[in-house]
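Encoded as structure tokens, here's the structure I'll be asking about.
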């Protein structure tokens with residue numbers, strides 16, 4: 001997930017906040033309809049399926065590419081960047097893991113179970129790297145985010161804080177080509193080894209993170225030309241098709257076009273509604289909380305309330321929990337920690353990383 005976005009004048013970029021809310025709701029809809037029916041075949045099937053909602057995560061990854069490049073250029077050092085990411089992600093994550101444990105234990109409904117070793121490792125957020133299953137299925141995307149952060153942090157170290165347009169071009173091209181090669185190999189020779197390589201390197205999603213970075217530079221006027229974004233959009237479509245099948249691959253391409261339209265034009269101010277901006281604000285805890293807690297509520301209420309009522313109640317409850325975590329953890333605790341860290345003497349900054357516009 002990503003933090004609220006700022007434009008070139010350091011003002012709020014509300015459209016991306018709204019997109020975060022839309023992405024979170026799309027994932028919730030997918031999990032409460034299509035995926036719930038697969039996990040709980042004994043319950044009444046929901047009348048409507050929304051498999052495309054799974055692609056809300058792909059939208060999150062593009063937003064992350066946009067925001068993380070902005071953050072990395074502001075921090076200018078791997079240490080400051082990593083610390084900022086940890087403060088942003090971990091307190092909310094720990095709170096959501098704890099709430100999920102309490103609610104699913106109280107209801108007695110859990111898809112995966114909660115052995116003590118799994119719980120302990122999940123609190124590190126590194127469970128995917130340690131080949132330990134996620135406590136909640138929604139956590140899978142965190143490992144892909146962390147992989148992206150590590151790549152950006154490594155670039156900050158190697159380039160001494162100068163993430164110029166030339167550097168981001170190299171990251172985007174090399175990572176995407178590597179990802180395409182691994183995804184093609186996985187498609188040709190499926191197996192545990194190729195699957196592990198694709199997962200560990202976030203190969204399927206490399207074009208999406210890269211596309212987000214390129215859109216950030218284009219928004220700031222630091223990059224011109226359509227060759228690189230077109231290549232990344234087609235690569236994102238290809239990796240989706242190679243790994244997940246081609247049914248939804250065209251939707252990924254349309255998502256890249258939509259993301260480009262929102263970030264590069266001023267025609268989507270209508271997205272800045274109070275509801276969408278609020279959903280964007282709570283999207284990180286909403287994403288972390290919604291799946292297993294929602295399933296527990298649906299299982300317990302489906303017989304009495306029916307498929308629509310049970311899901312409305314589940315959504316209302318996880319929204320309330322997400323709002324609570326947002327208010328207590330994100331708005332108070334996380335901000336307080338950030339203020340204290342900013343009050344510390346800062347190390348000397350590296351030279352500016354703005355760079356000249358490129359035509360890639």
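Keep in mind that glycine also has a Cβ here, set from the backbone N, Cα and C atoms.
Where the annotation comes from TrEMBL, it is an automatic prediction and has not been curated.
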Between 116-137, 138-159, I'd like to know which one TrEMBL lists as transmembrane segment.
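Range annotated as transmembrane segment by TrEMBL: 138-159.
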Cβ pairs under 8 Å only, please: of the recorded stretches 138-159, 226-243, 305-325, which one is richest in them relative to the transmembrane segment (171-188)?
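It is 226-243 that shares the most Cβ pairs under 8 Å with the transmembrane segment (171-188).
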Please tell me whether the transmembrane segment (18-36) and the transmembrane segment (305-325) touch - that is, whether there are at least 3 C-beta pairs under 8 Å between them, with each pair 6 or more apart in sequence.
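By the criterion, they touch.
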Same chain only, please: residues at least 6 beyond the ends of the transmembrane segment (48-72) with a C-beta under 8 Å from a C-beta of the stretch. Say none if there are none.
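Hits for the transmembrane segment (48-72): 1-3, 5-6, 16, 19-20, 22-31, 33-35, 37, 81, 84-85, 141, 144-145, 148-149, 152-153, 155-156, 163, 168, 205, 208-217, 236, 240, 247-248, 251-252, 255-256, 259, 263, 287.
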Name the range, of those listed as 138-159, 194-214, 305-325, that has the largest tally of Cβ pairs under 8 Å with the transmembrane segment (276-299).
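The stretch I would name here is 305-325.
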Check the domain 'Acyltransferase 3' (15-324) for me and report the mean pLDDT.
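Mean pLDDT, the domain 'Acyltransferase 3' (15-324): 93.
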